[in-house]
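Asks: Right, I'll just put the structure down here and ask away after.
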């Protein structure tokens, strides 16, 4: 049926589980039709908002379109859309920011309420009703199983050759009936290439023909290249010390330009025979698979720029068996990340001198995107690395601060901090030792003295020397930025 | 040989891995002899300090004795000794506070440096050299395997009948060779009742005869009883809603009087056929095993008061097969906690209105004890609960504050907060919704209006409405306490 007919079945107040993970595999037509439907309802004076659950971030046609018509009451678990962000930060939209590995099980446990309908993009439907997933799996398995109704978008633009790239694990259960997940390597299959779906639940099938709307990556700049080089040097050193195998351990890389630059650096670097166990396969990893630096990659989404997507589709058989796309509760599962000993590399907004990391909030109050899978990987990694340029906004913001204005990853989960200035290896260090190393190695020279001065004053004034702080000054850099537009005095 | 002879072999600057977990199974004689040795060295002008690694907290004869002679340079991973705490807070001792599940693997990975000697209390030695563990296993397996030398204390006061109560898993490996850990229920055996030990490493065997020095629990007071009742009501409600089985899921309980009171409440409560998967088996759980409310318990330490220890030793066969004592990397393993769906109940120092939890620091800077296993359990639990009285120090401290002065567990990992005032169920709530529920349900009436006032001002002034804060005021309650002795204006 048409997207409009399908969207018309979605009722005000429903929780809607949509496919989509970092701009890959989201439904292209029903969300926009739903937005039009909501806009018409509002024009007629009828309230119409939904709870919107996804895998992670989607695209303007989904998050943006629904937010613009004021159609989202509650959003989970991760977003990166400017309109959604603005509505969260204006207090108009509720946002529940959840570790990505937790989402599916919380729905199964009954913690997040009832899921009324799933809207899922697929690449195809088999004669027996099984579904060929699209460019992401995300939470689709859970949405399809938990929702009362299922609306399918069959996107004919996605390559039919995607069939076979997915590995959907159907061995999950609820406690106390859970078993070990039998996955030991990134390239191992433990599930099926298809999503199962009860045909009786399917209330609409909509044909679409539209590409994923992923953004182009900026070419690596000098800062990102420097961060990448610090990480490569560190990994080489760890191999030399016997603390890492020559082919390293499975890589995890967050999203964004810095992550992509690090991957480009690794591709030019000295390593071979690598694997990846990650959420999102970006351009950088596709390049590594092309060059052979990367043998195989496990992910939950193929989040490729338009050019990279074209290359992937034109050479899809080169990647067959080397890329596996799994549900996000498997790509991000603590059990598997810890077992495999993943090398976790995630971007951050700021770190404080003790190594507490803020991944989500600007100046303590305003959400940027969300925690995503960074916590799943950081806590369970073999080595947990966080990276950022040392300054932002032309130097008016130091990304190394006295006290993080919000904490997503505590010092217990942060072993390495990297900026273009250098890499601070924090393993086995006590807080004051961490502080000196972070300031000397990672902070921008413009802010280094002020950070040392803060630490010195804290050592004089604090009520304890384990993690000394001056509480009246701890957040003063952020406060000054809000008041004057710069953290500089 | 004598403890003095054994201690004399420990050299300045060594890292020493000692047994001991929350006052159970720590060596009784060698640490004191080492302290005397260190004191003599210092008197003679010779520097002598060690790195002290344990399972968790020990006792005055170990931590206290070595700290009093200024013998500890670096301490990990958890302590609760007043002298050690004072030295950390004076800046004289380095303290590396690590998730308890991370410690063993970090040593295996080579992240914490070289372990020179292990000093391990055992209950006995078999003719073939295998060791009968004492009242805790903790990190003993790792210390024995990783240390160059092993010193054994055979404590004849520990019951010989402890033989068979332990389950030491020898299937661990380093990535990329790790396999699934084949444990599915709290009462399942996956290992051996003995510690393996290369006899060639054993440089001393010292006989001792002394009890574990565990403290007496205070009888549950009205506050603790109220916290317990809120938790019981909540769990009953979850069962009624179908979100928990009638026999619940395996319980984890932190240490201390409140935890013990909650267990006492559960023992009188409506539940039967329970199990526990926890770090520490305290008096409260022993009582539950005695009454039959608890079928079985898995732990890494038997941390019993003297009376409870006497009862346990006198009736040890009643508990055989119902208590299993495991290495702490198994008792606290994310894989297993998540698989079993543990109900995690941990004490905290304070929570902020958004549900970020501080478990370790007083007024932002001073360490109290350490994070222990609270992060291992909170992150991977089925339901993660944190509890505290709503006020401390006769009301001069509110344990619900505008912003936590230190964060160990972020809002992403905190689903339930309980005080004697009530239980705030935070599942599925956005930050401002969490704030209103925490203030209304958990805060003490003395501070409730001031918290609402903070939230109202933050909503007016903050740069974003996701987690609104007034940065100039966020830590002002702590600052006022440090300045005036009370958080009250």
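Yeah, the Cβs are placed from backbone N, Cα and C, and that goes for glycine too.
Note that TrEMBL annotation is computational and uncurated.
Annotations for this protein, taken from TrEMBL, read as follows:
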- A:2-206: domain 'Acetyl-CoA hydrolase/transferase N-terminal' (DOMAIN)
- A:279: active site, 5-glutamyl coenzyme A thioester intermediate (ACT_SITE)
- A:316-454: domain 'Acetyl-CoA hydrolase/transferase C-terminal' (DOMAIN)
- A:349, A:369, A:373, A:393: CoA binding site (BINDING)
Asks: Taking the Cβ of residue A:279 (active site, 5-glutamyl coenzyme A thioester intermediate) as reference, which residues of that chain separated by at least 6 in sequence fall under 8 Å from it?
Replies: A:21, A:22, A:56, A:100, A:252, A:254, A:255, A:299, A:300, A:301, A:328, A:331, A:332, A:372, A:373
Asks: List the same-chain residues at least 6 positions away in sequence whose Cβ sits under 8 Å from the Cβ of residue A:369 (CoA binding site), in sequence order, or say none.
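Replies: Sequence-distant Cβ neighbours: A:57, A:78, A:79, A:80, A:85, A:360.
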Asks: Which entry in the list of binding-site residues, A:349, A:373, A:393, has its Cβ near the fewest other Cβ atoms, using 10 Å as the limit?
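Replies: Minimum Cβ neighbour count within 10 Å, taken over the binding-site residues A:349, A:373, A:393, occurs at A:393.
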Asks: For the domain 'Acetyl-CoA hydrolase/transferase C-terminal' (A:316-454), give the DSSP counts of helix residues, strand residues and coil residues.
Replies: 50 helix, 38 strand, 51 coil
Asks: Considering every residue in the domain 'Acetyl-CoA hydrolase/transferase N-terminal' (A:2-206), what is the mean pLDDT value?
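Replies: It averages 97.
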Asks: Please state whether DSSP places residue A:279 (active site, 5-glutamyl coenzyme A thioester intermediate) in a helix, a strand or coil.
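Replies: It is coil.
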Asks: Report the largest Cα to Cα distance, in Å and rounded to a whole number, among the residues A:349, A:369, A:373, A:393 that the record lists as binding CoA.
Replies: 26
